[in-house]
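Taken from TrEMBL as is:
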type	residues	note
SIGNAL	A:1-22	signal peptide
TRANSMEM	A:60-81	transmembrane segment
TRANSMEM	A:93-111	transmembrane segment
TRANSMEM	A:117-137	transmembrane segment
TRANSMEM	A:194-212	transmembrane segment
TRANSMEM	A:232-265	transmembrane segment
TRANSMEM	A:277-302	transmembrane segment
TRANSMEM	A:308-328	transmembrane segment
DOMAIN	A:415-470	domain 'Iron dependent repressor metal binding and dimerisation'
REGION	A:481-500	region 'Disordered'
COMPBIAS	A:489-500	compositional bias 'Polar residues'
Amino acid sequence: MSLSARMLILLLMLSPGPVLLAAEGKSIQTQRSITDRSIEWPAWEDWRRVFFMQDYNTRVVILGTTLLGMSAGMIGSFALLRKRALMGDALSHATLPGIAIAFIIGSTLGLNGKSLPLLLTGAAISGLLGIAGILMIRNLTRLKEDAALGIVLSVFFGAGIALLNIVQQMQTGHAAGLESFIYGKTASMIASDAWLIGGAGLSCVLVALLLYKELTLLCFDEGFADSRGFPVVLLDTLLMGLVVIVTIIGLQAVGLILMISLLVIPPAAARFWTEKMLWLTVVAVVLGALSGMIGSGMSAIFPNLPSGAMIVLVATAMFLFSMIFGVPRGILVRKYRRYELNTKVNRQHLLRGLYEYLEAHQQLPIGVTDSAPPVSLSALEQLRSWSLPALKKIIRSAQDERLVTLLSDNRVQLTLSGLKEAARVVHEHRLWELYLITYADVASSKVDQDADAIEHVLEPEVIAELESLLVRQSTEGILQSPHDIDLPQSLSAPTFRRTN
Amino acid sequence: MGGLAQWSWTLDGWIIVAGMLCAAATALLGNFLVLRKMSMLGDAITHAILPGLAAAFLISDSRSSLPMFVGAVIAGILTALFTEWIRGFGKVDEGASMGVVFTSLFALGLVMIVQAADRVDLDPGCVLYGAIELTPADTVLIAGWEIPRVVFVLSIVLLINLLFVILFLKELKLSSFDPALATTTGFNATFIHYALMTLVAITAVASFEAVGNILVVAMFVVPPAAAYMLTDRLGVMLILSVLLAMFSAIIGHISAITVPYWFGFQSTSTAGMMAVAAGLLFIIAALFSPRHGVVIVFLRRQFLAWQILADDIVALMYRIEERDPELRPDAFYLRDILFSRPLPTSLTLGYLVRHSQLVHANGTYTLTDTGRDRARQLVRSHRLWEHYLVEHAGMSTETIHRQAEQLEHFTDRELRDRLNADTLDTDQDPHGRPIPPEEHAP
C-alpha cells in the first residue's frame, strides 16, 4: 500500500487536526495532481499494443481477469438463484482473520509468512468458519439470513483488523505487503497468479459442471431436492465452498469489495436475458469474461483508470444495459408487454360494453350482415369508470383495428368484424363467469369482477376446455349472462330485466 | 507491563465516549434495519459513500468537512434509492440489487479518486479502518469545554436519532412489522422508510468518519440482533440494543489495550475489538437468552422429550396391566415397544422409580399407586381425545391414535372435563377400550 494513498485518503477524509497536519508536508507533491483531472487520450500505438496483447504484462493481467470473470460468473449464478448474492461479501470479509492468523503462525514457526498457499489456506479455513457461523445463526436462532450475514461480516472483519494490527508489530515476519495481498493490485499480477486463478477457477467450474443438475435443483427447489434424497446440506456447503474459493482467488486480482461485484453483477445481468438455468450460466460466464477483458484492457490503455474498479464499472454498464434492454425480462420489454395487454384489455372492455348495451336495449342485429346501431359516447361513458379522453383513446385504438367506427355525431358503431369480436369476447366472459359460479363457488353477484380481471389472458386451449366443461349451457351461440347486467338505471330499457 | 497501566482518562476516556456514542446512535437505528431484514444496508452504505466524497471534493475543490459530509450522505441515500429501484423495476432480488449498487458505486468512487490524484495506487482498506484512536487529538471548544470534535458530532447525531425514534416510534413499529397495514391505515410508510434511510446514511457517514466502517457495520447489526434474541418487545429491544452497544464499546477498548499485552504486543485496533466484543455479547445472548437462546431451547426440548417418554412409559405400563396383569415388563420390553434409545429410557426409568411412580424389582417394573394415577389420567386423555376426534372432527378410527398420542401430553384436568362433557360421558373409546374414570375407584 502506498503511503501517498493513505495521505490522500486522510486528506479527503477531511478536517484539520494534529495528525492530518503531520501529513500535510508529504501531501504537497500530490497537490498538483489532485487538481489535474485530464485524461490523456492514448496514441494509436497504445491501442494496438493492448488490443493485440503485445506486452507480456498486459497479456497476463487480461488473461487472469478474464478467467476470474468466467469462474465468478458461473459460481455467482448459483449463488444468485440461491438468494445468496451477498454471501460473497460476508465471506470475503470473513477470510481476513484467517489470513492474519496464518501469517502469525507461519512466521512464528519460522516459515515464510507470506507464502501464498499458507495464506490461502488460512483464508479458506476462516471463510468456512464464517459460513458455519452464518448457517448456525440462520438455522438455530430466530434471526434471518441478512442479520446472520451482517453479524459474521462485521465481527470477523473486526477481528481481522485487530489481528492485522498485531501482525504489523511482529518482529519475526515482514508484514509489509500483506494488506496489498488482501486488497489486491491487478496491475501487478504475475504469471503464477494468473495460473493460480486459472487453475482454481477452472476446478470450481468443473465441480459446478459435474454437479450441475444437483446444484440447479438445490437452487430452484430445496424441499424437492431434499425429498428426492439429495444431500442438501452437503451440496449447500459445497456451493458455499466454491464461492469461498472463487472469492479468495479474486481477492488478489480485484480486491475484497470488488470481488463481490464479479460474483453478483454478471449473473444479475444475465437474469434479464433468459429464463433458463443453463443459459443464465452461459450468459453470466460470457458477461463476466467480457467485464474482465474490457475492464483490464481499458485500464491498460488509460493508465489513470484502476483495473479492479474498471472491471466492475464495465460489468455495471452491462448490467444497466441488460436491465433496460434485456429480452425477455428487461424493463422496456416488460413495459411494452404491459402496454400491449392494457390496450387489449381496454379494447375488449369497449367491445363488451357496446355489445351488452345493445343486448340490453334489444338492438342486437339479427342477421350476419346487418350492421349494429350506433351508441352515443355519453351512454358508453357511464358503462365503466372511463374518463372521456381515455374512452376516446380506446375508441381510436379500436378504430385503427377496424373494430368500431366513430361517427361524426359522437356515436360509436360496431363494424361487422367488431361485432364478431365483441360476440366472442362476451362469450368468453360469460363462459368464465359460469365456470366461477359452477366450480369455484363464486357468488353470481360478484362473478363479473372476477371474470373481468381474468378473461383477457385466457388461452384458446382454456376456452376450449371451458366450452367442453360447460357444454350444456353453451349450445345456443352466445351465452346468456348468468347475472343481471348492472347498467346504470337511466339507460336500462323497461324490457331489460332478465329473470334467470 | 499491562495496557491498563497507561490508562489515561483524557485519552482512553474520550475514545470510549466516542465509541459509546457511535455504538448507541447506530444500534438505535439498526433495530429497524434488522426487523426490516435490511441488515446489510449499513455495510452497503459505508462502502458506497466513496463516490460522494470524491464528487464533493471534485466539485468544491476543497477539503472542508461540510461538502464532504453532504456528498457522502447523498451517496448513502442514493444507495438506498438505487437498491429500491433495481429491486422494484428490474425485479432483482433485494440482496443482489444491493450488491450491484454498492459495489458499482464503490468502483465509481475509486475511479473518481484516482482521477483526482494522478497515478495514486489506492488502498480501499485505509478508508475503511477509521481512526477512533485519534479521537482526543482533534478538539473543539463548546461552552468553554474542550471536547473532541468527534464526540460533539456524534452526540448531535445520537440526539437526532433519539428524537426520530421517540417521535415516530408508533409509525416505525407498524411499518417495520406490517408495511402493508401501515400503508392502508393512512400514514405514509414510504416517508418513514426514506426518513430512516436518510438517518442511516447520516449516522453511517458521521460515525464512519470518526471510528471507521467496521464499527458502524457491526453496531448496526450485532447489538440489535443480540437484543432481538433477548426480548419480544420493541421498546425493550431498543433499550437493550443501545445498552449492549455501549457496553461492547467499553469492553472493546479495554481489551484492545490489554489483551495484546498478554502476548507481548502493543495495543490493537479499538474499533476492531469493539466489533469483536459485540460479537461475543451476541454469542452469549444467542446461546443463553432465557426465551430464545439456543441452549435454553435445546434443553427445553430435551426436557419435553424426557417428560413425554416418562408419560409414555407409565401409560404403556397401565395398558399392559389392563390387558395382561400377569406380564412384568423389563426395560428391554418397554424399549422394544416405545422404539426408544437405551440411555434415555434407563434414565427415565430411574427417574420414575425415584419419584415412586414405578417399583423396580428383579429387573422388572410395576406401577405404584401414584404412577397408576398419572397413567390413568394420560390414558383417559388419550381415549377421550380419540372419541372426540371421531365424533367431532370426523376422523376415521385408523388415524386417530397418532393424533391422540400427541395431544394426550398436553391435556390437563380442565380440558379432560370439557372433552368428557363433549363426548357425553361415554366410557368407551372408538376402539372399544374403556375410558378410565378421572378419580381412582376405591
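The count begins at 1 with the first shown residue.
Cβ from N, Cα, C; glycine included.
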Given pairs 6 or more apart, does the transmembrane segment (A:277-302) have at least three Cβ pairs under 8 Å with the transmembrane segment (A:117-137)?
no
Could you put numbers on the helix, strand and coil content of the domain 'Iron dependent repressor metal binding and dimerisation' (A:415-470), residue by residue per DSSP?
45 helix, 0 strand, 11 coil
Checking distant contacts: for the transmembrane segment (A:93-111), what same-chain residues at least six beyond its ends satisfy Cβ-Cβ under 8 A?
118-119, 121-127, 129-131, 133, 152-154, 156-157, 159-161, 163-164, 166-167, 170, 172-173, 175, 178, 181-182, 244, 247-248, 251, 256
For the transmembrane segment (A:60-81), give me same-chain residues lying six or more residues beyond its boundaries with a C-beta closer than 8 angstroms to one of its C-beta atoms, as numbers and ranges.
53, 87-88, 186-187, 189-191, 193-194, 197-198, 200-202, 204-205, 208, 215-216, 218-220, 239, 242-243, 246, 249-250, 253-254, 259, 262-264, 266-268, 270-271, 277, 280-281, 284-293, 295-297, 300, 307, 311, 315
Report, as numbers and ranges, every residue of the chain located at least six residues beyond the transmembrane segment (A:117-137) whose Cβ falls under 8 Å of a Cβ in that stretch; write 'none' if there are none.
87, 90-103, 105-106, 111, 143, 145, 147-149, 151-153, 156, 181, 236-237, 240-241, 244-245, 247-248, 251
Need one number: mean pLDDT over the domain 'Iron dependent repressor metal binding and dimerisation' (A:415-470).
78
